[in-house]
Amino acid sequence: MARHQAARSGDDPAHLSRDTLWISRFMMAAFSSLAICILLVLLYFAGVTDARAVILSISAIVGSVLVFWLIFWFGLNRGSRDPSLTLPMATSAVVSLLFAMTLSDVTRDVLVSYFGLVLLFCVFRFRTPMLLLLCGLILVGYGAVIALSWPVGGWKAHSDDIARWMAMATALPMFAVIGGNIMAGRRAAMRRLAASEERFRRLTALSSDWYWEQDAALRFTTVSAGLETHAGIAPARLIGKTVEELRADPAPEELAAYQNAVHARQSYAGIEWRMRDDAGALRWISMDGEPTFDAAGELLGYYGTGRDITQRRQAEALVHFRAHHDALTGLPNRALLNDRLAAAIDQARAVSRELWVVFLDLDRFKLINDSLGHKVGDMLLQIIAQRMQGVLRGSDTIARMGGDEFVLLLPDSPAGSLSTALIARIMDAVCAPVSAAGNELLISCSMGIAVYPADGDAGDMLVEHADVAMYRAKQAGRNNFRFYKAEMNELAMYRLRMESDLRNAIESQEFVLYYQPQMDLKSGRISGVEALLRWQHPRPGLVHPAEFIGVAEEIGLIVPIGAWVLEQACTQAAAWQRAGCPPLQMAINLSARQFAQKDLVSSIDAALRRSGLAASQLEIEITESLMMTDVEQAAATLNELKRLGVRLSVDDFGTGYSSLYYLKRFPIDKLKIDRSFVRDIGSDPDSEAIVGAIISLAHSLGLSVVAEGVERHEQLAYLARCGCDSMQGYLFSAPLESEAMERMLRGLPPSKAAGERGKMAGAGQMPGPVASGKAGAFNPPPAWERK
């Protein structure tokens, strides 16, 4: 019957619960009726009552049960307010008992006690008024039975029935009142419990927490629906299982706190573990639990709340990753490098093996970053990082320290695997052409290597020594590597002192300009001067730019230094002109970082306006390599400068990679032949041919030519034969201070003081003008001073 009713209800859980309730009530009534029938049969076989009374009584009882079974089977009860039909079943039971009691005195005596069973059956369903009404029905019915049997034997013969009736008249109403009140309190408590459960259900529905219970074996017995709502895990998956059986991580340390707490029968909070949801994804679960005990102190189980903390753990993991990895490349950062370096040193110490710490710096990366923009620079760093990761071994670590600096940890695992071949593979990966944002880039790197334990046994010391070796590699020509040596520290300390002194040099006004004249080979007159930067250091004295320009570029001071040179040179040229000197070209060099500044043209225009110098008297010198870094941007900048009115020249021509096409494209006015070609005139026919070709090429393009580094008469004679326009070098004049340069422009001989200062600049003895034919004696200056 239960299956039939379930089918009729469509297996709805609410219907199943309700059907189970009234079916259980019907079955209790049926079993009670069966017990009465068995009792009647036993009375018959005991000879206490006759067959007629037994048969009629059983027929009445079974008939009433059968009627209700048919009602339930066909679902005729569903339209009733009480689908269990408690009142009709109780009334039918009372009538059946009363009918059986009329059949014989024995049945009357035996069955009277079953009225209490009927009333007990109803006390769980009816309130007190209905119970009293049922008591009245029983008492009236029993009284009617007594009345029907009254003619037989008189009232004394029925004294027992009368006594029982009176006892029932007293007890049954009391039972109804007491039982009704008790059940009323129980129903009120049930309503409060139901309301509390509903509030709890609503709260858990609004909260991200879910409720659970475990038995003494720590198996889940109850799990609220919030688990599925918030974590996508069906509660049924947890029922009957322990946390250990459900967790996805095999590592025991994750649940150590949980296991310690339950072993000690203590409460716990914030136990975090992972399990897979119904879709197979890993979810982080956090649980708080409290133990519950019986009166004897025995553990009954645990209960508590849980919550899905997957998003929080993912956010924490992201924060941790960002705190230990570089945002641009995804490589470990300095913090994670320190941790791994300490672990690598410990491991190398344990197995008595070497560990290489490699400091890698990209060569001329700042030039690319400044000229092509940070977007291209970032793309280049990402590509280089990926390439290096591709050639490293699984045991190696590469970290980005910042900018274009990287540190690599190369353990000797397996033993004997460290070699310079690995370093060569890394360099090859870096040096391969890179295509970034439509630009084909060539870049190289310099590396310094410190070896544990020979070069240090602490991580910071190894990184510092590798950094020192890297700078030594750069000084050796870049695009190579050097192993650390103890004597490199002296060079590193010198560099650190220079960085510190450079930062104070501008404010302390320690920079000075020297001026080297350029002579027109046709007229023998001075056609222009080039401003040359020197650093008047308070301790070592005059410092050549070759020793500090590279450092200034790396620490970001080259732009303010270049701005100072521009301002001073323009101001000096204008001052000479106001003092009566003939107009001339003032040439200054631009660094790559200056050339990449967006406000370059406006800053030059401002310097010209402040000084009063005409734009046509300023000559900007740039190198071939600077123009070729980004041809489009270089062309745009040079055209802006040309529109401003300044003259443009290519310095050190012949040493770069420019072609005839680019010379035609750029608005160039002058080429300066590099000193390396001029130096070999008279001794190397190839150099002479190159010089002649450059002069011929420049003139064919309408460009003038200046040869720099002229120190011998035979060089001057050859240049004159080839038609060179101007020359610059010690054969004509060393770089001079402004006062000495002004005297030369006026045609006056240099003062003794100026000559002494000239010697400080490495000038040596100054010959007279070549045009006069008085060459004078010549002592070659130091190589770094020759211009």
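Placed from the backbone N, Cα and C atoms, the Cβ positions cover glycine too.
Copied over from TrEMBL, here are the features:
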{"type": "DOMAIN", "residues": "269-321", "note": "domain 'PAC'"}
{"type": "DOMAIN", "residues": "353-486", "note": "domain 'GGDEF'"}
{"type": "DOMAIN", "residues": "495-749", "note": "domain 'EAL'"}
{"type": "TRANSMEM", "residues": "26-47", "note": "transmembrane segment"}
{"type": "TRANSMEM", "residues": "53-73", "note": "transmembrane segment"}
{"type": "TRANSMEM", "residues": "85-104", "note": "transmembrane segment"}
{"type": "TRANSMEM", "residues": "110-126", "note": "transmembrane segment"}
{"type": "TRANSMEM", "residues": "131-150", "note": "transmembrane segment"}
{"type": "TRANSMEM", "residues": "162-184", "note": "transmembrane segment"}
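Within the chain carrying the transmembrane segment (131-150), a Cβ under 8 angstroms from the stretch's Cβ atoms is held by residues 90-91, 94-95, 98, 101-102, 105, 108, 112, 115, 118-119, 122-123, 158, 161-162, 164-165, 168-169, 172-173, 175-177, 179-180, all 6 or more beyond its ends. With a cut-off of 8 Å between Cβ atoms, the residues of this chain six or more beyond the transmembrane segment (26-47) that come close are 53-54, 57-58, 61-62, 64-65, 68-69, 72, 84, 89, 93, 96-97, 100, 106-107, 110-111, 114, 117, 121.
Distant neighbours of the transmembrane segment (162-184): 112, 115-116, 119-120, 123-124, 126-129, 131-132, 134-135, 138-139, 142-143, 146, 155; these residues of the same chain sit at least 6 beyond its ends, with a Cβ under 8 Å from one of its Cβ atoms.
Restricting the average to the domain 'EAL' (495-749) gives a pLDDT of 88. With DSSP states grouped into helix (H, G, I), strand (E, B) and coil, the domain 'PAC' (269-321) comes out at 12 helix, 30 strand, 11 coil.
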